[in-house]
Amino acid sequence: MEKSLKRPALLAALLIALIALPTVADAAGFAALTSLATRVLIYGIAAASLNFVLGYGGMVSFGHAAFFGIGGYTVGILYQHYSLGEPLFGFIPGTNQMLITLPVAVVLSGIMAAIIGALSLRTGGVQFIMITLAFAQMLFFLFVSLKTYGGDDGLIIRRANELPWLNMRDKHTVYYVCLAIAVLFFAVLWRLVNSRFGNVIVGLRQSEKRMAAIGLPAYRYKLVAFIISGMGCGLAGALMANFLRFASPDMMHWTKSGELMIMVILGGVGTLFGPLIGAAVFIVLESVLASWTENWQLGLGLILLFVVLYTQGGVQALGARLVGRSA
Amino acid sequence: MSTPILNVRGLVKRFGGLLATDHVDLTVKPGEIHALIGPNGAGKTTLISQLMGELKPNEGTIELAGKPVDDLSTAKRVSLGLARTFQITCLLPDYTVLDNVAIAVQVRQGHSFRFWGNARSEAALREEARKYLHTVGMERRADELVANLSHGEQKQLELAVALATEPKLLLLDEPMAGLGHAESQQMIGILRNLKKQVSMLLVEHDMDAVFALADRISVLVYGRIIATGSVEEIRDNPEVRTAYLGEGEEVC
Ligand SMILES: Nc1ncnc2c1ncn2[C@@H]1O[C@H](COP(=O)(O)OP(=O)(O)OP(=O)(O)O)[C@@H](O)[C@H]1O
Ligand SMILES: [Mg+2]
């Protein structure tokens, strides 16, 4: 009862805070906060996408950076062909329009997820982890070797994609575009996890044997969940390329897959907003720790260990328990 | 004679050197409760797993209502009217009792590629699920989490979930195991009432339950069916008495 009232109020407060953030940050003289928040929103989308298969569906993918990178390179490659004025493969014109690049990024990462998922979802457990990791690393090395698109160095995107009526060179505008997309994304994800489809996905995590015994052909549902999840990561990658004005093989390196997993675990596996909170904690920790010491990853590792051992469900669960206790 | 609902011919399953199912022939007639008894490790659970398609037999064929199902997946067999309960209960632990039944109703109703509406606020789905909880006498526990159920309640829920798939043939793997006397009596009552709707293959160690419910009994020893017959025939069969019921021990 109480919880159902508390939650919308909390969400409304969060949304208002996020809308006010750039203005407050400027006024307080922390203009960099807006950029930090933009990254949190983008990684939040990516981590929540991963969480849909990992946390809700119990499919531990260690290769989701592949889709993040595909999204980023879609924006980068389309921009390069646009700026050079030569069509891709001789017939696909480049573009710098976000209304085109984002959907294309989502579709392409979805197709890649369909291919990788179709081949890896026949396995499970450790094998699944290793196969998804292997596919992502294959893509990583493919893009490293693609000298046309910058190879190792990556692709510089001189200007962020354009949106009608908006000035995308303004940092605040980019932030608000990401915020709007994130709100939309989480609304869709919320419907999805509570739908009939989400119901069987969560059921599969709890017991595949049980789901088979009630007549569910598991493979096709897992595959569709994997594709949806890949599309979400592709969307995030496309936004990231726009934000950084840069796409590079690092976006699909296995350490990026690991970072996304860490965000999910930090925030709370199998919760709607946990990954967003996890992304925020990760990025803040990263900047704070990095300014203290070069070995910031060691500090991060210790904190992660603490979260896994002592919070039983990440920062989100910790917060819920603290709130529950004080109330 | 009408076609049997289940017809198993020459089924063989090997685990390395172990012959877990040894050329088993078995039929279940429509409307029948066919009990399968046998000592621990005889291969009863292994047989059920093969019928469901969870384990692949090495030889033999399985027909459901006259139709071979050997090449069909578990999901397909369930849609043709086969359902099982698990000896070691296998439920969705994070879901409530009602959720566990509702998801079975949902899957029976067709594909689950519905991405928008909230599955937990579909009144028709929830109502139908409650019907099966009522059948097993659990409707008052509908909102309890499965993790909080007693062993007996989990056994009852197993049955409700299996019923929610609307089976023609129910494979029950020791539904009374671990139940107290009162709970066992209740389960016997439930199964007796269900007999009008669904045929059953009943694996059970509790001889009172078997003699109370079964129309026919088959005895499985070391993967082989050594006898099939009516309750009286099995009770008086000397081979069964030595191999399974134990010499000198009074039966019933
Ligand atoms: N996956 C497996 N791999 C190897 N051996 C197995 C496997 N499953 C079962 N067995 C063996 O097959 C034999 C039959 O086991 P099963 O579980 O079918 O017996 P059961 O009749 O159900 O016994 P219980 O009354 O104890 O439930 C046993 O010897 C068991 O050890
Ligand atoms: Mg058994």
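Just so you know, glycine gets a Cβ as well, placed from its N, Cα and C.
As annotated by TrEMBL, signal peptide applies to A:1-27.
Outside the transmembrane segment (A:37-54), and at least 6 residues removed from its termini, the chain residues within Cβ reach (under 8 Å) are 18, 21-22, 25, 60-61, 64, 67-68, 171, 174-175, 178-179, 181-182, 185-186, 189, 192-193, 201, 225-226, 228-233, 235-237, 239-240, 243, 259-261, 263-264, 267, 269-276, 278-280, 282-283. According to TrEMBL, the feature transmembrane segment maps to A:37-54 (among others).
Per TrEMBL, transmembrane segment is recorded for A:61-79 (among others).
Taken from TrEMBL, the feature transmembrane segment covers A:99-121 (among others). Through the fold, the transmembrane segment (A:99-121) approaches residues 59, 63, 66-67, 70-72, 74-75, 78-79, 128, 131-132, 135, 139, 161, 163-164, 219, 222-223, 226-231, 233-235, 237-239 of its own chain, all at least 6 residues removed from its boundaries and within a Cβ separation under 8 Å.
What TrEMBL records for A:128-146 (among others) is transmembrane segment.
Per TrEMBL, the feature transmembrane segment maps to A:173-193 (among others).
According to TrEMBL, the transmembrane segment annotation covers A:219-240 (among others).
Annotated transmembrane segment per TrEMBL: A:260-285 (among others), in sequence order.
The annotation transmembrane segment is assigned in TrEMBL to A:297-318 (among others).
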Distant-in-sequence neighbours of the transmembrane segment (A:61-79), which means Cβ under 8 A and at least six residues beyond its ends:
46, 49-50, 53-54, 88, 94-96, 100-101, 104-106, 108-109, 112-113, 116, 128-137, 139-140, 143, 149, 154-155, 157-158, 161, 226, 229-231, 233-242, 246-249, 251-258, 260-261
Residue numbers, six or more beyond the limits of the signal peptide (A:1-27), whose CB comes under 8 Å of its CB atoms:
33-34, 37, 171-172, 175-176, 179, 183, 327
May I ask for the residues of the chain that lie six or more residues beyond the transmembrane segment (A:260-285) and have a Cβ under 8 Å from a Cβ within it?
36, 39-41, 43-44, 46-48, 50-51, 54-56, 62, 64-65, 68, 182, 186, 189-190, 193, 202, 205, 233, 296, 299-300, 303-304, 307-308, 313-317, 319
Spell out yes or no: are there three or more C-beta pairs under 8 angstroms between the transmembrane segment (A:219-240) and the transmembrane segment (A:173-193), with each pair 6 or more apart in sequence?
yes
Are there residues at least 6 beyond the ends of the transmembrane segment (A:173-193) whose Cβ is under 8 Å from a Cβ of it, and what are they?
15, 18-19, 21-22, 34-35, 37-38, 41-42, 44-45, 48, 52, 56, 98, 160, 163, 166-167, 201-202, 228, 232, 235, 239, 242-243, 272-273, 276
